[in-house]
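Trainee: Heads up, here are the entries from Swiss-Prot:
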type	residues	note
BINDING	Asn10, Ala12, 34-35, Cys44, Val81, Ala110, Ser113, Lys143, Tyr172, Asp294, 311-313, Phe439	FAD binding site
ACT_SITE	His11	active site, proton acceptor
ACT_SITE	Cys44	active site, redox-active
MOD_RES	Cys44	cysteine sulfinic acid (-SO2H)
BINDING	Ile173, Asp192, Tyr201, Gly256, Ala310, Gly341	NAD(+) binding site
Amino acid sequence: MSKIVVVGANHAGTACINTMLDNFGNENEIVVFDQNSNISFLGCGMALWIGEQIDGAEGLFYSDKEKLEAKGAKVYMNSPVLSIDYDAKVVTAEVEGKEHKESYEKLIFATGSTPILPPIEGVEIVKGNREFKATLENVQFVKLYQNAEEVINKLSDKSQHLDRIAVVGGGYIGVELAEAFERLGKEVVLVDIVDTVLNGYYDKDFTQMMAKNLEDHNIRLALGQTVKAIEGDGKVERLITDKESFDVDMVILAVGFRPNTALADGKIELFRNGAFLVDKKQETSIPGVYAVGDCATVYDNARKDTSYIALASNAVRTGIVGAYNACGHELEGIGVQGSNGISIYGLHMVSTGLTLEKAKAAGYNATETGFNDLQKPEFMKHDNHEVAIKIVFDKDSREILGAQMVSHDIAISMGIHMFSLAIQEHVTIDKLALTDLFFLPHFNKPYNYITMAALTAEK
């Protein structure tokens, strides 16, 4: 029987552990260490919880220590790993305040990522704290269950008068939180160093639609501004950028995450951003040591190269692949396209692959084709919304590199999966134009926006 130690029980770790226990539990001894007090919190639901769009946090957990141990794992919670001797194959962790050593034959990192702390005057992390607490009161990070719970508890305390909130970071998390706070009746300003929201996921003509959507719902946008300082006497009073000052009661820092790979200790090869560099089996530069989820690289099929794309969906898939290989059952990942989506005030946006800007930066002779139309025929009077689509492709190979869609019709969310597969399988824009897509008025048009975008593509 092989002994496998897993460091981290986040999404990737939980997927990995469950895969091993469900498929190869009789063949392996599974030992898990996690520095947190809970397992499997769905951070993607954090904004829904804060914005009171769901009843509570209970549904945001799908596993726990008891469930994993019932399947046969040994799980140590609140137990940070302090060091790893890769030659002796021994993990040293802090368990109940004491040093604990655990040998292994295979090791899997699922250490995830940590919030980026931008160089802002007046903001520091409390030293020795594992829950990302800031030294200035009401400066909040958003990563863990505890972070969301703290924000909710503070907002529920009416004596604090937390009515004005600044969200720093215009990515998915920042935009979702801005909506959540506005839904609570707060005065919200969204600040980002770039001049648009959702930068990197969509081209600017699409991001402008979301920007207008936010402004239409009373969220102030302070884009193209660099945060210089957060000031206050013990607690937040104002946020200072290079262009203006905002009187605020709370600041949410949501500027992104970096891979948590401190345990590499100079012994494991890292990617340019510090992530564990892994192959398609999720194996690192040390044989028998694997890394899954946000702490590891992925193979980007659109770029045809190694990349870093931190998404829960990627975490689950890489966790499954890592589990199979750590258990001695060879399985290669097929790469990713970075498929993603967001829904804000009923405006749904989905994308996969590369934006036009990113495709050109990656060296492609890229161009785009697009189309705007109703989802269904004009005679369908109810629930018939406009859809905008953009397809990015390479003019030389004609291969599809990316796609973006936006609509108030949530049906577009399923269409992006087809484009994800198209990128994975190197489908050309010309083949897409003749792909068999069904027609029924309840769903779409005979010449639907996908077909029309492909048919009108530059030859």
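Placed from the backbone N, Cα and C atoms, the Cβ positions cover glycine too.
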Trainee: Only counting partners 6 or more residues apart, tell me which same-chain residues put their Cβ under 8 Å from the Cβ of Asp192 (NAD(+) binding site).
Mentor: Val168, Gly169, Gly170, Gly174, Asn199, Ala222, Leu223, Gly224, Gln225
Trainee: For Tyr201 (NAD(+) binding site) and Ala312 (FAD binding site), determine the Cα separation and express it in whole Å.
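Mentor: Approximately 16 Å lies between the Cα of Tyr201 (NAD(+) binding site) and that of Ala312 (FAD binding site).
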Trainee: Rank aside, I only need the closest one: which of the binding-site residues Cys44, Ile173, Asp294, Ala312, Gly341 has its C-alpha nearest to that of His11 (active site, proton acceptor)?
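Mentor: Comparing Cα positions, the closest of these binding-site residues turns out to be Ala312.
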Trainee: Tell me, which binding-site residues from Ile173, Gly256, Ala310 are within 10 Å of Asp294 (FAD binding site) if we use the C-alpha atoms?
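Mentor: The binding-site residues passing the 10 Å Cα test are Ala310.
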Trainee: Counting Cβ atoms within 10 Å across all protein chains shown, which of the binding-site residues Cys44, Ala110, Ile173, Ala310, Ala312 comes out on top?
Mentor: Ala110
Trainee: Going by C-alpha positions, which of the binding-site residues (Ile173, Gly256, Ala310, Gly341) is nearest Cys44 (FAD binding site)?
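Mentor: Closest recorded candidate to Cys44 (FAD binding site) by Cα: Ile173.
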Trainee: Between the Cα atoms of Ile173 (NAD(+) binding site) and Phe439 (FAD binding site), what distance do you get, rounded to the nearest Å?
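Mentor: Roughly 36 Å, rounded to the nearest whole number.
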Trainee: So, in DSSP terms, is Gly256 (NAD(+) binding site) helix, strand, or coil?
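Mentor: Reduced to three states, the DSSP call for Gly256 (NAD(+) binding site) is coil.
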Trainee: Counting other Cβ atoms within 10 Å of each Cβ, which of the recorded positions His11, Lys143 scores lowest?
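Mentor: Across His11, Lys143, these recorded positions, the one with fewest Cβ atoms within 10 Å is Lys143.
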Trainee: Give me the count of other Cβ atoms within 10 A of the Cβ belonging to Tyr201 (NAD(+) binding site).
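Mentor: There are 22 such Cβ atoms around Tyr201 (NAD(+) binding site).
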Trainee: Once the DSSP letters are reduced so that anything not helix or strand counts as coil, what is Asp294 (FAD binding site)?
Mentor: helix
Trainee: Other than its own, how many Cβ atoms are within 10 Å of the Cβ belonging to Asn10 (FAD binding site)?
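Mentor: Excluding its own Cβ, the number within 10 Å is 27.
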Trainee: Work out how many Å separate Asp34 (FAD binding site) and Ala310 (NAD(+) binding site) at their Cα atoms, rounded off.
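Mentor: So the Cα of Ala310 (NAD(+) binding site) lies 19 Å away from that of Asp34 (FAD binding site).
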